[in-house]
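According to Swiss-Prot:
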- Asn9: site 'Discriminates between blocked and unblocked aminoacyl-tRNA' (SITE)
- Tyr14, Tyr64, Asn66, Asn112: tRNA binding site (BINDING)
- His19: active site, proton acceptor (ACT_SITE)
- Asp91: site 'Stabilizes the basic form of H active site to accept a proton' (SITE)
Amino acid sequence: MILLVGLGNPGEKYARNRHNIGFMAADGIVRRHSFSPPRARFQGIVSEGTLDGEKVIVLKPTTYMNESGRAVGEAMRFYKLTPADVVVFYDELDLEPGKVRMKTGGGAAGHNGIRSIAAHIGPEFRRVRIGIGHPGAKDRVLGYVLGDFSKAETADWVETLIEAIADAAPLLATGKDATFANKVHLALNPEPEKKPKTKEKDGDE
């Protein structure tokens with residue numbers, strides 16, 4: 001069993017914020033793989049299903065971002081999981097928009113949701129870092145992450161990324177994190193088709 005956690009802030013006001021892309025990823029997985037209807041549990045919203053034969057719990061903490069660890073810790077203890085069974089989806093300022101990187105352990109890099117989870121279960125959980133880009137100046141970060149994705153961003157990469165994450169999610173259930181990241185990358189950056197080589201014909205002289 002694994003616990004997939006999407007980070008964000010609860011409520012319609014925040015639903016389309018850049019900071020909520022973790023919630024969007026979680027919702028995409030639930031939709032794509034026909035998980036159970038969401039219900040309130042563990043200070044969050046929970047859906048259950050299977051991915052590649054593995055039981056999976058999807059959790060969206062409703063504690064607000066800064067207290068996300070309370071929900072994650074409660075769910076992890078209930079299911080008797082280890083941090084290695086926990087995969088967290090969250091927004092990453094230090095990655096270009098649409099880039100996805102996998103990581104296990106490490107620091108929080110200023111992300112309050114990650115800091116809270118590490119405080120409750122330790123740092124050795126698996127992380128899906130979803131790039132949202134940086135506004136360029138530190139004093140603009142708060143307004144940027146709590147701002148909505150533009151229509152152009154949504155059409156250009158957000159929708160494609162959420163679909164790609166949902167499509168590749170079974171790889172996370174079986175521990176193939178690097179393959180997951182590569183599959184998502186290729187969905188957003190398809191390799192150009194190689195044209196078959198044609199033999200040059202000798203021209204008339």
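Even glycines carry a Cβ here, placed using N, Cα and C.
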Among the recorded positions listed here, Asn9, Tyr64, Asp91, Asn112, which has the most company in the form of other Cβ atoms within 10 Å of its Cβ? Asp91
Between the Cα atoms of Asn66 (tRNA binding site) and Asn9 (site 'Discriminates between blocked and unblocked aminoacyl-tRNA'), find the distance and write it as a whole number of Å. 9
Distance check, please: Cα of Asp91 (site 'Stabilizes the basic form of H active site to accept a proton') against Cα of the residue listed as 'active site, proton acceptor', rounded to an integer number of angstrom. 6
Spatial separation of Asn9 (site 'Discriminates between blocked and unblocked aminoacyl-tRNA') from Tyr64 (tRNA binding site) - C-alpha basis, Å: 5
Neighbouring CB atoms within 10 angstroms of the CB of Asn66 (tRNA binding site), all protein chains considered, total 12
Quick check: with Tyr14, Tyr64, Asn66, Asn112 left out, which same-chain residues have Cβ atoms within 8 Å of the centroid of the tRNA site Cβ atoms? Asn9, His19, Thr63, Met65, Glu67, Ser68, Gly113
Out of Tyr14, His19, which of the recorded positions is least crowded by other Cβ atoms within 10 Å? Tyr14
Cα-Cα, Asn112 (tRNA binding site) versus the residue listed as 'active site, proton acceptor', nearest Å, comes out at 11
Cα of His19 (active site, proton acceptor) to Cα of Asn9 (site 'Discriminates between blocked and unblocked aminoacyl-tRNA'): how many Å, rounded? 8
